[in-house]
Every structure is written in structure tokens, then in C-alpha cells.
Ligand code: UGA
């Protein structure tokens, strides 16, 4: 099949490259000339493990091309995916659909043959109806089926998630469109990935409900972690104890500094706006959003407490700055709130991250950045492990302890056993675990 992927951001680029790896012919389109030129030279706009090789292999195989010419890519495509950004609209938190609608108009004008127009961007319920209306008004003669096909890719594991999905969700009431989508996903379908075919509005809601549920799960265990700290229990054991119940499941029960990233914060707020508009309040999700925001700020206070309640004149080294490992994405990262709280309290903040320093620097110019975690820790009054990158999972704790001004480790991801930290001569502070077993 011939596929046009409109938007070569995170979702578009990963999806386009993976579709071409299945044997489809994919043209990835973007308005950003420099991005397209860089991609043609094999330079990726984002850090995602394995993406550069995947792109290179399929470009070489002649199945993957990049262009700024949307009309040309659309004119001979059987399936056109809209994968442009849907940022939070300034002021009200609604998803900003101007890029989606702009792309739709351009697609409508370029349609030359029957095709499915698929929204892959995360869009509020009812957006597909609007996309359909725009196509009908812009190109009344065109034969196009508008389908919703949300993505469930995690940054850092996106290729794996695309190739081995838990499910594929397709929203359309039209049997012909469903058949074309089956064709697009046939290689996965053969791998027995379940295909959930449902109405378009239901598919749109599935995406938001999934992200809101996962955000809720994380926030739930984070609050249980606070309770563990208060009563002297261990949140990791609680998570294991409840997660082994198949009805609950063990994933997304890692207590930490609060969720961040480009999806959960934005999507939960957009879902709340939809719920408000339809007078069907989602009170649990409302609480999740509030609790998570407060938690990120509370993490700064936790570090200050570890310093004995006074941060003025102290130096704190943050290890891991991105919102999660294996990405250079800093959007809504907990590190942003922690840095703010520490600097407000008069601390000097240092930062280390394996991939995110450039992005971090653009958002937090007043942090001193280091290329090495040990150098960042040298002479510091506290080291805070914020993001659990692999390279930060086996630090030489004795070496850290020896080089620091005060041997304090705040482990916000519970990476290190308390005993190991204490045996290395460091004072341990973590999330939801007693410093000594009760
Ligand atoms: C999330 C979803 O997991 C994907 O299924 C979805 O497709 C994507 O959003 C999207 O809507 O595009 P992502 O934001 O890349 O993916 O990252 P996650 O792995 O879900 O992590 C999100 C945040 O939750 C991170 O800050 C992470 O540290 C935190 N988290 C995750 C925890 O604190 N504890 C956990 O147990 C799991």
C-alpha cells in the first residue's frame, strides 16, 4: 500500500518508519524544510532508540521517502495519516486542533483517488466528524473515509510498541474503510495483535481513557507511597503485593516524582475539558491532575528536607533530567519543578542527563550542566536521582560519597537498595520506603 504520513514529529516518524519496515511505501511529509533535509541526510530530529537504523534501512530499501510536498504525497496514497501536533491551547487547556484542521484542508485539496484519512494525532472526541466535514466542504467530489486510529507508543520504547502492540484500535463505521485499515495493519494482525474495530468517537475516547487510567494508576501508587512513608511501610512491596493480582496488574505501579512528558499531562487536561463541555465531570481525573502537579512541587521540598530544611548556599546535583529514560524530551519533566523549588530556596543546581542536556538548557538556563554524573556530584551537598537512566542504575556509591560535601542521596525512583546506599556511607532518602525496615 502507499501511505502518506503528514507530520514527522515523534508519532509520525516512528509510525511511518515502522509501516515502511512492514513493506508499505511511505512518504513522510513535514512543512519544516530543515527537518526534512536533515532526515534525508539520516539525521533524526528526536532521540529514540533504534529509529536511525530503521529509517536508514527503509530509505535504502526505497520504501521510505521524505518531502515537504504534501499534495504529491497525498495524490497517490491509499492511506493518509494525520500525525501533526495537538498541543494544549494557550489559556484553556483544550487540545489545539489548528494543525489537524490545516492539514485536513490541504489533504482534501490534494486527494486524487479513494483513500482513508486517518487521525493518529491524539484528538478529542468528535474531531473525526469535523475532519470529515472539512473534507466534504473542501473537496465535495473526493472519496475519502475518515478513520480514527490512536497510537499507544511510549517514548523510548516506541518501535517495540508499534511492532508488538497490545492492541490496534480502529474507529470507523464503514466496512470498506475497516477493510483498508486491516490491509494497512495486516503484518501485525498476522502476528495476532488484536484489532479493536469500533465507532470513530469510541476510538477517540479510548485513547484519552487509556492515558487517564495510566496516569491514575501512577498517581494512586504515589499517594500510597506517601502513606507508606507516614506509617513505615514499603511501597515497592505494596506495589508487588497488589500488582500480582491479575485484575490490577503490576505495570505502572512504580512510585516516583510524578508523571510528566508530552502525553499524560496534556491529555488528562484535554479530557477534563471534553468532560466539562459535555457536563459529564470526571472527578477522579480532576484529582489525578491536581495531585500530580502538587507532587512535582513537593519533590523539591523533599530534597530541601533531606538537606536539613535549609537549601540556601547549598549545591544540589540532579541526575537524570528528562521526564523518563531513553528520550531527550523535557516536556513537563518533574526535574523542572524540582529545579525551580531548589533555586527559589537559594540552592545552586547542577544537572546531568545522558541525552537531554540540550533540551534542558533551553528550558533551565541557570542550571550548571555536566557531562558526567560523578563530576556533577563532586562537592555537592546532595545528589538527587530524578530519572532512572540505565547509566544511573549502577553508580559507584562509595565514589559518590567520598567526593561530595555532604553524603546525601535522594533516590526519587527507588533504584538503590537502602542498605547499599547506607553501606556506601550515604544518607538515604527515597520514595515510600522506610530508611530502615520496621
Ligand atoms: C504514554 C503512554 O504510556 C503511551 O501508551 C501513549 O501512547 C503515550 O503516552 C502517548 O499518548 O503518546 P509516554 O508519555 O511516552 O507514553 O511515557 P510513559 O512510559 O507512559 O511514562 C509517562 C510518565 O509516567 C513518565 O514521567 C514516567 O516516569 C511516569 N511513570 C510511569 C511513573 O512514574 N511510574 C510508572 O510506573 C510508570
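Here the Cβ of each residue, glycine as well, is placed from N, Cα and C on the backbone.
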According to TrEMBL, 30, 35, 86, 122, 155, 266 bind NAD(+), and the residue from 201, 312, 331, 350 that belongs to that same site is 331
Per TrEMBL, 152, 153, 154, 155, 252, 253, 254, 255, 256, 260, 324 bind substrate; matching candidate in 31, 207: 207
Residue 207 (substrate binding site) as reference: those binding-site residues from 30, 86, 122, 155, 266, 331 with C-alpha within 10 Å of it: 122
Does DSSP give residue 260 (substrate binding site) helix, strand or coil? coil
Which residues of the same chain, at least 6 positions away in sequence, have a Cβ lying under 8 Å from the Cβ of residue 263 (active site, nucleophile)? 122, 211
Recorded NAD(+) site residues 30, 35, 86, 122, 155, 266, 331, farthest C-alpha pair in Å: 24
For residue 253 (substrate binding site), nearby residues of its own chain (Cβ under 8 Å, 6 or more apart in sequence): 217, 218, 221, 239, 242, 243
Taking DSSP H, G, I as helix and E, B as strand, the domain 'UDP-glucose/GDP-mannose dehydrogenase C-terminal' (317-418) contains 34 helix, 19 strand, 49 coil
Taken over the domain 'UDP-glucose/GDP-mannose dehydrogenase C-terminal' (317-418), the model's mean pLDDT: 97
